[in-house]
Amino acid sequence: MPLLKLVFLGTGGAVPKADRMLPAIYLEDWLGHRVLLDAGEGAQYRLLQVGVSPASLTLVAVTHGHEDHVLGLPGLVITSRFLGGKVRVLAPRSMHKALERLGVEVLEGYAAERLKITCVEVCHTVDACGWLFEWDVGYKLDLQKATGLPKWALTSLIKGHPVEVEGRVIRPEDVADPAHRRFKRLLYTGDTGPCPRMWETVGEVDVLIHEATFADDVESQKAHEEGHSTFADALEAARALRAKVLILTHISARYPDKSRHRQLAAQVTPPPHVYVPDDFDTLLVQL
């Protein structure tokens, strides 16, 4: 079953609070990939608090070079090295030289057998990447073509594996419908203002993790000039991208708590389902 585990290690932005640290999200998928989305100050300690070794990370995906998103990276790299790991970092091109001086492997994208991660340009005040995750979740079967096959064979074929039944090898494409393969997508924006060009580039997603630095008490023009979004901006993005789930992070320290964001979220008729997590909250998402 395609299942994502998201642990919100830091849900604040720019200035930390005692209960709201700087941006960092741990993502673990059902295939075993472990990805840290941004590395705010203290990210390695927060990983350890939730039982994840920095050395076990598949990747760190950094959205841009502002300090609140990267100050946790040097310590994480050093700790991982001591533990025998090697950190690979996805980052915008403008950050590559600086990151290489840390001794990390720097990548522009990632491609494995069933997961692809690509940079999508967002609308911030500096060079910045949103990170688009696309999972290959297997074949959608044509039930007429698959008639008579045992359940175990159907399970393997759906996952993209060939099977042998009564001496005959059956490949997934032999019993696939015209739609062929199925994909599920998640987009993590990092910092961004409203960004129609990004929506057009991406198309549709299942899950959107979008910043909502401000609720509804700041003029939208001011937020946009700073390269940030309001609650309404994030909701507009989710609807443009046809997201089923919208998760709001990067909440300004001007808010003592997240009650206003949650009041606004409660007024939204799904889709999308809107979540405003606290630090250390865990969200399981079935794709």
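Using the three backbone atoms N, Cα and C, a Cβ is placed for every residue, glycine included.
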For the Zn(2+) 2 site that Swiss-Prot describes with Asp68, His69, His250, which of these is also annotated: Asp19, Asp127, Asp136, Asp191? Asp191
To which of His124, His261, His273 does Swiss-Prot also attribute binding of Zn(2+) 1 at the site defined by His64, His66, Asp191? His124
Environment of His64, His66, His124, Asp191, the listed Zn(2+) 1 site - residues of the same chain whose CB lies within 8 A of the CB centroid: Thr63, Gly65, His69, Val122, Thr125, Val126, Ala128, Gly190, Thr192, Gly227
Work through the recorded positions one by one (Asp68, Asp191) and point out the residue whose CB has the fewest other CB atoms within 10 angstroms. Asp68
Could you give the Cα-Cα distance between His124 (Zn(2+) 1 binding site) and Asp68 (active site, proton acceptor), in whole Å? 14
Neighbouring binding-site residues, C-alpha within 10 angstroms of His250 (Zn(2+) 2 binding site) - of His64, His66, Asp191: Asp191
Residues with Cβ closer than 8 Å to the Cβ of His69 (Zn(2+) 2 binding site), same chain and 6+ apart in sequence? Leu22, Pro23, Asp38, Ala39, Gly40, Val62, Thr63, Gly190, Asp191
With the fewest other Cβ atoms within 10 Å, the residue among the binding-site residues His66, His250 is His66
